[in-house]
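Encoded as structure tokens, the structure appears first; notes follow it.
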Amino acid sequence: MPTVNHSGTSHTVFHLLGIPGLQDQHMWISIPFFISYVTALLGNSLLIFIILTKRSLHEPMYLFLCMLAGADIVLSTCTIPQALAIFWFRAGDISLDRCITQLFFIHSTFISESGILLVMAFDHYIAICYPLRYTTILTNALIKKICVTVSLRSYGTIFPIIFLLKRLTFCQNNIIPHTFCEHIGLAKYACNDIRINIWYGFSILMSTVVLDVVLIFISYMLILHAVFHMPSPDACHKALNTFGSHVCIIILFYGSGIFTILTQRFGRHIPPCIHIPLANVCILAPPMLNPIIYGIKTKQIQEQVVQFLFIKQK
């Protein structure tokens, strides 16, 4: 039950309100949420299944794509089922520990996806700029080390947030006008000084996501320089088509992420009935569209999907 605490004791249960001002429309709003989530789940699961079962796709590019699809499933599953529970059953009550667990996986998976996109940019750089050395540079041993590094970075940087939140006393309103928990959104309900939470969150953002964006930009500048110096137009076109799908996913992922961050920091005058749905769309859009983009833009995956869905049935 949502309450305002006057005793000074810390709340252990919070209430996720859903979309403030649109509670009477929650059932209708849940329909596109549910369809998008099922699409993301099926699309990414199919992508993972095809990549893992087809030996012709056991290449670094597709293995990194498999990692991205797995992260997409985790990110959407961390948020959308909770939102649907609120929309359908008004099940908005969430314990503090569960709230912290949810935001831990949301933030760490976001950083993990950013790291995977950086690795994919590095993969494209080697494939286009050093094609003859591609297999000797991106060995299976290096790929395993990259996977471990991406995981350690994402979970390692977010892990201290658990203790930064557990130290706080939540003696203010326990009603959260959102469909899921996030770090600063929860911390602002504390009676303590949360400047360390704010600065730590900012430092994580700068040292991971912003750094990844800079390195991705540099890698693609080098790629474009190499592409436009290729001897034949056909080779240039083929190279551009190779990483076109990756560029689309980068724009989709970072564009939606930047919008969400800017809205949280500077969009205080944006009504919650607009901000909350857009925040969910920004989390759900990349997982839903990534398999579609790669299915359309990548010929090898397109062929394997068609073979799996249609030829196998015959």
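Cβ atoms here come from the backbone N, Cα and C positions, even for glycine.
Going by Swiss-Prot topology annotations, PHE89 is found across the membrane from LEU309. For the transmembrane segment (28-48), the most Cβ-contacting stretch among 57-77, 102-122, 199-219, 240-260, 276-296 is 276-296 (pairs under 8 Å). Applying an 8 A CB threshold to same-chain residues 6+ apart, the list for CYS99 (disulfide bond) reads PHE14, CYS181, LEU186.
When each of 102-122, 240-260, 276-296 is checked for Cβ pairs under 8 Å to the transmembrane segment (199-219), 102-122 comes out on top. Mean model confidence for the topological domain 'Cytoplasmic' (297-314) is a pLDDT of 75.
Note: the topological domain 'Cytoplasmic' (49-56) comprises 7 helix, 0 strand, 1 coil (DSSP; helix = H, G, I, strand = E, B).
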